[in-house]
Amino acid sequence: MIAQQNDEETPLLQRPEQPTAKTPLPWDQFWILLLLEMPDFLSSGTLAPFIPQLIRDIGVTHGDETQVGHYAGILQSSYYAAHTLTIFHWSQLSDHIGRRPVILTALSAIVISMFSFGLSKTFLGLVVSRIVCGAFDPSDSMVKSMLMDITDATNMPKAYSYIPIPLMIGTSIGPLIGGSLSRPADRFPDIFGRSELLKTYPYLLPCSISAFSVSIIWLVTYIHLKESVSTTGETTLWELIKKGFLGQSYLRPRQPSSNVIVDPGEGSPGEVQPKPLPLRALLTSKVLSVTASYTTMGLFQTGYNSVLPVFYATPIELGGLSLDPPRIGTLLAVSGVIHGIFQLLFYAHLHDRFGAKAIFITGVSSGIPIVILFPVANALARAYGIGMAVWLCVVVQLTLKTSLILCFPCMALFIRAAAPNRASLGTTNGIVMVVVAVARIIGPATAASVFSYSLQEGHDAWSIYYFFIAIAFLAVGAALLLPRDLSVWEDSQ
């Protein structure tokens, strides 16, 4: 296939027009990718409501309520620390051996880590469980790469309008499982009161239900999911390890076979396909711009998600709202449903009307009023108790989070447009995910620690809010580097 010339000397009017007809979605595989969006959100959502209480139960804080947020942040960051060290290698490996085996490995890791988490009685055991999950769970990156493989610029926004369906299920059912079924022997003595196992491991039941659900998804994936990339033929895993991923380019041409999905934009099955590029060739200005935007947005989002349940659980006199795990789980579940429905109904239309950049800038800008509502809600709770005014602040804050959620499908479009070629989509996505994972390490640990610091006597109670607002402004600044029209980047591929 001869690449069309496309540089600054090419007259603008001679460039081919963008296709107006939209490619139909490949539903035979797309429904499986929708299903694969659930495990991460289901597992993390299951843990979120009871983590503050679990940290109190294991005694690591020695009764110091101000340290709960600190240890919750460490627990969440341990996942992302392991994730950072492995995500790029998993992503690059998937360009050579395929997405399917990597996804199956990730699902297995989630199942094992959830059982391990439920059986842990020490803080170290909890951390090890999350590290195992982070090290072997590149599923989110793989699903994004696979979605890019089977879609094109015309139907990708439509595909992302369906993503809220599994996310809504995962973010709604997960918190309900964790909030309702934690400590079942105490909460439902007539049913579970005689179970010594659940008395000894009071958080095993919600973790087991989540793990069993992911096991079903693993089985469906193993039976029905087809590979979406053309692998490097006879290259073995051991050869890939010996050559290393950072400096080697593979000379074997990528030949599509009959058992993989071939994107219509990549040519006919008889043509030689482009090969994955080495790391240095991928570090373009476009990839770096997307990385900066995704990193700052991810830093804010993960820090906010880490502090939110801790803020709800913290006593009012210390700066929180004194909510119990069932209420926290219900709030997180309802907000997940609202966010999902909004994205399902409106994202594709908003993208067609305003474009990805406008949606992204609006989303990161919403972080500023979201942060301001934290101290407002606590001040109202101190003055009037948990009444209508406080619940109004909570509802407005969770509603504003909807625009922040819409940033994620926008980022997927930018990553796809920034990739130098289609054969390097997985690696390009991996580069971005590595840096974002670093932000997700820093975000929860730093935000939770600053929150705990701000609660201590003699310290500025607004420290955590200054921290979040500064990150929100950084995210807005980085977003200005993104192109208004994605075709500007896609035409140069």
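Cβ coordinates come from backbone N, Cα and C, glycine included.
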Of 1-21, 169-189, the range TrEMBL tags as region 'Disordered' is 1-21
Any chance you could find the range in 102-120, 203-225, 358-377, 389-419 with the most Cβ pairs under 8 Å to the transmembrane segment (159-182)? 203-225
Quick test of the contact rule: Cβ under 8 Å, at least six residues beyond the ends. What residues does that give for the transmembrane segment (431-451)? 69-70, 72-74, 76-77, 80-81, 83-84, 87-88, 91, 138, 140-141, 279, 282-283, 287, 290-291, 294-296, 298-307, 310-311, 415, 463-464, 467-468
Can you find at least 3 Cβ pairs under 8 Å between the transmembrane segment (328-346) and the transmembrane segment (389-419), where each pair is 6 or more residues apart in sequence? yes
Could you check if the transmembrane segment (358-377) is in contact with the transmembrane segment (102-120), meaning 3+ Cβ pairs under 8 Å among residue pairs at least 6 apart in sequence? no
